[in-house]
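**Student:** Submitted below is the structure of interest, expressed as structure tokens.
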């Protein structure tokens, strides 16, 4: 009788672990933060071909007062490609209306493609957060 | 003995028929309820409601049109603020972080204010039926899990058939839960930042919404509130019927099994 009780207790624990594992797949997907991204726009003024414009709203202020940009990078996850945000410190150097002028090198990747910069997010972001880009689900 | 077995078979059949009738009744009830609530939810607008400290100029509204946003003044809010409904051109949800950032991007100047994501509320209102199904299945799920664990316990006595039945019940239950949860699309702002089981977050969110601070006189807010109240009332009653029916069937089946057990011990 005791043996059966131990067996049942073991089955219960195993079953709870299996349920939590299966549900965690769903929960992980539901908890991804939705973001909107923008890409830098080329400066059209003469002599500013090395500069690009990004919205000022892309700059997020940290607790210590510094400003950061969040870049959405695609990477290979356990179940296929996923988007992850990378935080980089960056201060708005030159402001023009609601845009900031930044060097091209800071917002373009090694293949000279414009990187996706997070503009809005449903929750404040942290480095390495897995996100979902609005409109690309 | 033969007559006894026949009687038991008939009783078991009655329990199954009662369960089938109850399930069919609940499905039909849910279908009828869903049509009404779905129509109410589909009449809710998409977009975002903005309550701004400073009113917008006509030129700013026109400039926003060029950027693909339609803006409509929907009346005055509290403390002399103006309320605007903002909709994206492509009718997808307008994602908004800080109101000052959004207004700076759209109108060229940061304006303090509050926002309410109408698309998110519409999405939740349309999914109340699916959430109701998940809630209604709770007592049945618990009973099935207890039954399956008992059947798995029979494996220890080398009763392979019962063990297999236990595994089959768990597999079917898990597939059903995975399917139902996969059909949910809860807007991220209605889930906590870190922990999905942060109950205080859900309680505070509901309290804050129904307090309607600053939105109380606004007709869209009232429409959403009414939709939620109607859904909660109607689906709440449906869930209670489902729970009571499940418990009743279980009691009847339990009485029938106890009777079987008494006869076996007497025999």
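Cβ atoms here come from the backbone N, Cα and C positions, even for glycine.
What you are looking at is a predicted structure, and each value in this text was computed from that prediction instead of being measured.
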**Student:** Transmembrane segment per TrEMBL sits at which of B:77-97, B:98-118, B:161-181?
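**Tutor:** Matching range for transmembrane segment: B:161-181.
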**Student:** Please find, within the list B:131-149, B:188-206, B:207-225, the residue stretch that TrEMBL describes as transmembrane segment.
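**Tutor:** That would be B:131-149, per the transmembrane segment entry in TrEMBL.
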**Student:** Pairs of Cβ atoms less than 8 Å apart decide it: which stretch in B:131-149, B:161-181, B:232-253 has the most with the transmembrane segment (B:12-33)?
**Tutor:** B:232-253
**Student:** Are there residues at least 6 beyond the ends of the transmembrane segment (B:232-253) whose Cβ is under 8 Å from a Cβ of it, and what are they?
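**Tutor:** 15, 18-19, 22, 25-26, 29-30, 33, 36-37, 128-129, 131-132, 135-140, 143.
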**Student:** Under 8 Å between C-beta atoms and at least six residues away from its ends: which parts of the chain pack against the transmembrane segment (B:161-181)?
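**Tutor:** Contacts with the transmembrane segment (B:161-181): 130, 133-134, 137, 141, 144-145, 147-152, 154-155.
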